[in-house]
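Annotated features, as they stand in TrEMBL:
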- 208-242: repeat 'PPR' (REPEAT)
- 309-343: repeat 'PPR' (REPEAT)
- 524-616: domain 'DYW' (DOMAIN)
């Protein structure tokens, strides 16, 4: 047999735990594992494998540590391997058992393990406790000022979501490296300080793909989707390596904007680069297509995936639900259960919403009951809110109230908001006032709730009630969020605000609005002005409604898009009754398919009808 000159390489090439143990036995016989470096290298291989299997293998790795005076080299090698493994919490046990005082390398590896644990922590508090305890230990042992520990501390606090602590750690570093700066960029961007993150990012002399990804993801998390996509373009033009992480962020930005054409381009880009349709990328594509209203394409992606996890299934179920395809949503959920994929709480939120949108009360109730009995999931407040919405939309208002009264949890704003919306749909003034009283006790400045109550009063021609709501809003300083609608044309997203006249093509839009109004009036359209809160003349109310943001976006779509292309609009608020009726008629008179995503759901307009069946 050839002499074993490099036990480290031999150990690294081992294919299994059993193989490693056989190698160890041979090395012991040959005497080649006696030196600390060889032992350390062997421990790295063994511990790396043990961190992915069971604690027995870890015990075996620890037995290899020399019984003569210990060396930190071997113990730190074990720490490093565990910190990099799939079960980084094992590194804490190894650190606790150190027979010698830890050095700077010990803490470098422990900080790495803490970073992984903080990122996966169940709560922000848990993450902060993990990060804080490790940093405090480094301070006690006098290694907190080590450059590697300092840099790691920034990443650790960033993973824990503690921007303040990350800032403090970063300020202590005289010359932060690219890894440290990237971690700080990510911490600031994720913590809502995107401008500060961008300033730091722009000042980096060198940026790797991790820095680009951190900044793009930060923009996405804070809802600054346009900036995320602009930076994505800059990244590509700069020649940085665009990978799956980048594309997932870009697809999420497209989903937020409802930018279907841009999302299709990202999908095509991934395909042209030969990227595998992984679980993560496929799930992001399903989410993007669903949130852009292209649910058929979303399901094509779903069906083409060779591997799916619970998040993939949940994304597909949610996509069907938000597009009003309740029965399809329920069928896919049952298919998910039959394949052995265990649903989670988010899956049930999606299923219950799908049942609510489609009026499937009994089916929804059965799903709710199965959460605990079949899957061991205790319902969240979101699930209770979905059930109230399910009963309320179906007109079973007494059942909705009884359900709330029987809740084991204190109802939150989502529960009372669902009851308030049900009161609007079914024009129940008394119940609406009751729900409103409960809601404002929790969230006194909820603008949407005030508008809903005003609409309930307007439906019953209770103009005094409308006036009281208006006065209440003024007294509290509550302002209705301005309506904003977005439409994608030529790969660019155009935004319109209520009453806005600043678009470069506004003259064309204005002419189209006039044509739309004229053609609809010939079909008998009369503006529904009851949701206008202002005490003004009826003619002025019609003028105000005519400049709602979705009508401006719709007019621009008719002007700028080919006649055979769907018009897709994303609105930040619930579409009002007049704009809903108006868009139905436009779809018929202009023979156009229109997809509108509002705050509640998708509306697919075609031939004068809407997929929501006027039930939103």
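Residue numbers in this text run from 1 along the chain shown.
Cβ coordinates are placed from backbone N, Cα and C, and glycine is handled just like the others.
Taking DSSP states H, G and I as helix and E and B as strand, the domain 'DYW' (524-616) has 34 helix, 16 strand, 43 coil.
Averaged over the repeat 'PPR' (309-343), the predicted model has a pLDDT of 96. In the repeat 'PPR' (208-242), helix, strand and coil residues by DSSP number 26 helix, 0 strand, 9 coil.
Secondary structure of the repeat 'PPR' (309-343) per DSSP (helix as H, G, I; strand as E, B; remaining residues coil): 26 helix, 0 strand, 9 coil.
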